[in-house]
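As written in TrEMBL, here are the features:
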type     : residues  : note
DOMAIN   : A:126-416 : domain 'NADH:quinone oxidoreductase/Mrp antiporter transmembrane'
TRANSMEM : A:29-50   : transmembrane segment
TRANSMEM : A:70-93   : transmembrane segment
TRANSMEM : A:130-148 : transmembrane segment
TRANSMEM : A:160-182 : transmembrane segment
TRANSMEM : A:202-227 : transmembrane segment
TRANSMEM : A:239-262 : transmembrane segment
TRANSMEM : A:268-290 : transmembrane segment
TRANSMEM : A:297-315 : transmembrane segment
TRANSMEM : A:321-346 : transmembrane segment
TRANSMEM : A:366-388 : transmembrane segment
TRANSMEM : A:400-421 : transmembrane segment
TRANSMEM : A:442-462 : transmembrane segment
Amino acid sequence: MLVAFPILTALGTAVFCFLMRDQRQGQMLASLGGALIQVALAVALLWTVTTSGPLSAQMGGWPAPFGITLVADTLSALLVLSTAIVLLCVVIFSLSEIEREQERLGYQALVHALVAGVMGAFLTGDIFNLYVWFEVLLISSFGLLVIGGGKAQLDGAVKYVGLNLIATLAFLTGVGLLYGATGTLNMADLNQAVSGRMTETAILASAGFLLFAYGAKSALFPVYFWLPASYHTPAAATSALFAALLTKVGVYSILRVFTLVFETDGTPLAPVLIVAGAITAVVGVLGAVTHREIRRILSYNIISSIGLLIMAIGIDTPLAITAAIFYLVHNMLVKAALFLHAGLVLKIKGSEEFDKVGGIYEQAPWIAVLFLVPALSLAGIPPLSGFWGKFLILRATIDLPSLALTVLVLVVSLLTIYSVARIWLEIFWKSDERGEGCAPAPALMVAPIVLLTILTVGIGLYPDLLYSWSDSAAAGIADPSTYISAVMEDPS
Amino acid sequence: MDFLFVLIVGLLVTSGAYLMMSGHLVRFLYGLALFSNAANLAIFVSGGLSYGAPALIAEGEKAPLEPVANALPQALVLTAIVIGFGLTVFALALAKRAFASEGTALMDDMRSAEPRAED
Amino acid sequence: MKSLILSVASRALMPTLLIVSFYVLWRGHNEPGGGFIGGLVAVLGLVIMSKAEGVRAARDFLRIEPLSLAAIGLGCSVVSGVWGYIVYGTVLKGVWPFITVAADGSKSGLPVGSIFLFDLGVYLVVIGGVLGMLFAMEEVVAPEPDEDETRDGGAG
């Protein structure tokens, strides 16, 4: 039953925070306490899963495949832990960044409601339930995006809401078709029901709808444009939360559904994933080298990482899946750190545009270094976590008959280095012609970035632990029999 | 009967897509509402249309007495309707606020978040 | 725009609808009904009131902020889930503290338990959520004059 507690904790904390939204102290404590409990639960969950195999829980005691099953294998537990760490950092940062006015509207409650949706999506074993958790996180993200909204925020939200609603409806249609063809919605049960039927029109159509839906959620080419339209508009804590979690839920869904439910071998799905991923990686990084604002560059960097991830999932060798999972976790932590740092720059300099900011390295060298480390990690410089992620993906592409993808990964990596180097040169290194000083950096804003930076350095210096977890998660995906038996056998 | 429903789904999707591509925010939302109904109908059809009785169990019985319709698609559609209703209301309110702040409901002119380079 | 007919009718309709909503909520275990439908019936009552007397009167009648009501409802549902875990070790499993099962399998007692708490949570979430949205939209469309200010002005 440990599986159910991340969701219950997130919902409970959201309720507490909402009811205490007029009392600043109480709301802060409840939110922080909830985030700490999440980290503890996630560590316990990962520990249990890695030592004794996948855990499952049947809600209300109704046995699978009739009831709703929550299930955690290594992949889910690993992502739950990353989510909890990101949540903790974002909550600490938001205590300093978010204004009273937005807190009174229920900012912290929405953060925890969003995390409830994310946790639910990672832990559910039922595809309709996955849809419901997607909605929970979608509705909360709508709220977070427009809260205290300015002009740009509302405009970004319109595009975000529009495309995400279409994706939602595609998801629903896909689920409907799948149910019509198989008569079940439990993902472990679907594995058996779909097996050997991949050529049937209804199943392929459903896979197409679901791929479109998850692709749109994870910002895959050609349906990525909502992301750069909206991610730079809200508060930095919000965009860090979105950058670290939302697209990753889409990637997780592709990873789960297109390995457990659908077989990609011998269907048009595998080439579609590889090609879409490759184009996304290139388009994303090209966007990143053209913009002149920190968070807009980073938004395009998200798209390019998503491309690499989806490409690795499409390659679908054990090494490629391990690489994708390793890179996924690394990316969640580093993207959160960089987006939070953009918020810090915004706070001490009043802007994040190249033309208006400069000279941070002269005035506050430590803050500049604090950006440099996760930025180099994103670019894939050893010995940071990003190096191992990129290295594993590169290694997986070398095994393929053609070296085109290897060249592509190298080019994308080079351009990524160029894109973050531009941020470094323009924001931190070049001297500030207008001679404006830095405002002091609040400790609550620096602390979470330091924590995430330590994690990326730690993973970089000692990658074995995360690698072994990713490896066991990939093994669980390659051979889903333990996952299926955990769901189908009554644990009680 | 199934064929008729499938035809209606197709009609709803076509009109929805047409409205969405007009580039006007309000028409986009109308299109979205049509899409959402099409998705609900599609689930309904894929569950199989039948004339079974409602899935209710009479007082004192353990199982329904006569053949009943599959209740799961109905439950799924109900969930989807509720979620769709909430999202549509949110989208309408958002559209109204965005119209007030942008002064236009034409998608091509709504560029506060991503200003054109020459602006 | 106040209508005398609607205003008078709402005084009879509102309590009736609220009582019906409780009844629908209560019978929902084995018969058509339950928290969702019950909540909508209650919303109907409050919407009629807000049409007749204005949104502010409906808000005052409710006393509590609609979205807080929804949060409390969500809390009820979470608690009912945890309740099942505490008693049976299974989240969301139904707990019936007032029902006793005799040796021959027949049950007697009051059918109130964690399921009812969950339903009550849904009931409150529906009332709070739907009213929150409707009131907010109505206030955007037709902003009412702030009665507190005029009242203060009159007193001064």
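From the backbone N, Cα and C atoms, a Cβ is placed for every residue, glycine too.
Across A:130-148, A:268-290, A:321-346, A:442-462, stretch A:442-462 shows the highest tally of CB pairs under 8 A with the transmembrane segment (A:366-388).
Contact between the transmembrane segment (A:442-462) and the transmembrane segment (A:70-93) is present: at least three CB pairs lie under 8 Å, with pairs separated by 6 or more positions in sequence. With a cut-off of 8 Å between Cβ atoms, the residues of this chain six or more beyond the transmembrane segment (A:400-421) that come close are 274, 278, 281-282, 285-286, 288-289, 297, 300-301, 304, 307-308, 311, 315, 375-376, 378-381, 390, 393-394. Remark: the transmembrane segment (A:70-93) contacts the transmembrane segment (A:29-50), by the rule of 3 or more CB pairs under 8 A. Below 8 angstroms of C-beta separation, residues 75, 79, 82-83, 86-87, 89-90, 93, 111, 114-115, 118, 121-122, 127, 130, 134, 137, 141, 144-145, 178, 187-188, 190-191, 194, 198, 203, 207, 210-211, 214-220, 227, 231-233, 269, 273, 295, 298-299, 302, 306, 309-310, 313, 316, 321, 324-325, 328, 331-333, 335-336, 338-340, 342-343, 477-478, 480, 483 of the same chain, each at least six residues beyond the ends of the transmembrane segment (A:239-262), sit close to that stretch. Non-local neighbours of the transmembrane segment (A:29-50) in the same chain are 2-3, 5-6, 9-10, 12-13, 16-17, 20, 72-74, 76-78, 80-81, 83-85, 87-88, 91-92, 95, 108, 111-112, 115, 469, 472; each lies 6+ residues outside the stretch with a CB under 8 Å from one of its CB atoms.
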